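First the structure, in the form of structure tokens, and then the observations on it.
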Amino acid sequence: AQEDLYRKVFVFREDPSDAYVLLQARPEHPMLNFTVCLRSYTDLTRPHSLFSYATKAQDNEILLFKPKPGEYRFYVGGKYVTFRVPENRGEWEHVCASWESGNGIAEFWLNGRPWPRKGLQKGYEVGNEAVVMLGQ
């Protein structure tokens, strides 16, 4: 059954790298644009994934990754752009990342504040029939 995850919270009580949630994604067609938004709260300083969209053709077809405090990497089709942000001071972070195939523009927002746009994978198509992984 489909369920809206609006206002849902997943709590990972420990720090194992196998703590995650899997969701099935079945867009009817390959994606030419998308926006991913989420809120996170952690004291982790090690690299960790926030959102991954994996297809049969490629793991992490879309990936929102935090390699260290103060940095986010946004991947589309195996290529990525980096956004350097202020380090978290023990507060919730609201993150949005957006991408358009036609112009290859990747956008990033932290707590409602936009960061400079960057070029990423112009003309690329993100595959359909995927698994979404939250956490890890």
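Placement of Cβ uses the backbone N, Cα and C atoms for every residue, glycine included.
Residues or ranges marked as domain 'Pentraxin (PTX)' in TrEMBL: 6-136. The disulfide bond feature in TrEMBL is assigned to Cys37-Cys96.
Cys37 (disulfide bond) is surrounded by 12 other CB atoms, counting those within 10 A of its CB over all protein chains shown. Residues of the domain 'Pentraxin (PTX)' (6-136) grouped by DSSP class, helix first, strand second and coil last, total 0 helix, 67 strand, 64 coil. In the structure as shown, the Cβ atom of Cys96 (disulfide bond) sits within 10 Å of 16 other Cβ atoms.
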